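**Q** Please find one structure pasted underneath; my questions will follow.
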Amino acid sequence: MSATGEKVTVRTLQKMKEEERPIAMITAYDYPSGKLADQAGADILLVGDSLGMVVLGYDSTIAVTLEDMIHHTKAVVRGAQRSLIVTDLPFLTAHLSREEVLKAAGKLVQEGGAHAVKIEGGEEILSGAKACIQAGIPVMGHLGLTPQSVHQLGGYRVQGRDKETAAKLLRDAQLLEECGAFALVLECVPTELSDEISKSVSIPTIGIGAGGSCDGQVLVYHDILQYGSNLQPSFVKKYAFVGDQILEGIQHYVREVRQRVFPEKKHGFHLSSQQVKDLYGGKPGGTMDGGR
Ligand SMILES: Nc1nc(=O)c2c([nH]1)NC[C@@H]1CN(c3ccc(C(=O)N[C@@H](CCC(=O)O)C(=O)O)cc3)CN21
Ligand SMILES: CC(C)C(=O)C(=O)O
Ligand SMILES: [Mg+2]
């Protein structure tokens, strides 16, 4: 774990819940984000299917494929050393046969190098989740706002505000624990409900827009860094303004190219005067003086 530099495992996370040490999880989508989030001490890196929206520009997570998830997981794995890497099972996959779920999760782990998979949904996905767990693939649950069901939910809305949906969420959390899930993401649910769920299951809950009583928190990399994200959920806190810095940096570069301020002499490669003599008989052309 972060304090000791040891690798984070599902057992580390269980222990963190027992000792009431909050779990810090963040999404990562590629080599640099994986490397930086790992170095920063994040316990879990989530290769979220939000990558479809954040780095591929789709307007939902539905178009994201298993191949996309494998591709991005590989890059994150190459960047990270210590964090536990969890990858989202993409749209629909969890609702196929047990064999298909197992095949997809198996690819994320075997080809992608993920340590665990995350599956959206409750009771509906239990049999697929169980197949993975029995095969040795740790499963993280995801309840509340499940973005792969955006069309059914009618938008990215807070879930569990009424008695029936709150009861279903609590029950789904307990079913996921019973089935052997190692942790549970709670997305966009009232704090009072996530508090109750967190107390009633022994596995860690990790909240996003679910208040402070969860056992951990997760946010999207590009959201907390204000790095070109198209969404502005109200539960996000901004910790840096990387997009502004990137914009200013590139504007400066473009300006300097246009004004011939860049490149300077030190940004080029040069021949020695002897080499110039040998090659050009000591009379280099006007363009061979290295410029400014
Ligand atoms: N950049 C980004 N950040 C995310 O957190 C994220 C994604 N993309 N893509 C996949 C899902 C979609 N998510 C979202 C998107 C929007 C809201 C949102 O705007 N929610 C309203 C709540 C509305 C209500 O009151 O019901 C909000 O005000 O935060 C929430 C979660 C979370 N995930
Ligand atoms: C928002 C988190 C929990 C997620 O599932 C994702 O980034 O895809
Ligand atoms: Mg996701």
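Here the Cβ of each residue, glycine as well, is placed from N, Cα and C on the backbone.
Heads up, TrEMBL stuff is auto-annotated, nobody curated it.
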**Q** Starting from the Mg(2+) binding annotation in TrEMBL that includes Asp88, Glu120, which of Asp43, Asp49, Asp162 is the extra site residue?
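**A** Record source TrEMBL; matching candidate: Asp49.
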**Q** Cβ under 6 Å from ligand 2: which of the binding-site residues Asp49, Asp88, Glu120 qualify?
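**A** Checked binding-site residues vs ligand 2; flagged Asp49, Asp88.
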**Q** Near ligand 1, which of the binding-site residues show up if the criterion is a Cβ under 6 Å from one of its atoms? Options: Asp49, Ser50, Lys118.
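**A** Within range of ligand 1: Ser50.
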**Q** What is the total of other Cβ atoms whose distance to the Cβ of Asp88 (3-methyl-2-oxobutanoate binding site) is within 10 Å?
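**A** For Asp88 (3-methyl-2-oxobutanoate binding site), the count of other Cβ atoms within 10 Å is 31.
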**Q** What count of other C-beta atoms do you get within 10 angstroms of the C-beta of Lys118 (3-methyl-2-oxobutanoate binding site), across all chains shown?
**A** 26
**Q** Same-chain residues six or more away whose CB lies under 8 A from the CB of Ser50 (3-methyl-2-oxobutanoate binding site)?
**A** Thr27, Thr61, Pro147, Val220
**Q** Calculate the distance in Å between the alpha carbons (Cα) of Glu120 (Mg(2+) binding site) and Asp49 (3-methyl-2-oxobutanoate binding site), and round it to a whole number.
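**A** One finds 11 Å between the Cα atoms of these residues.
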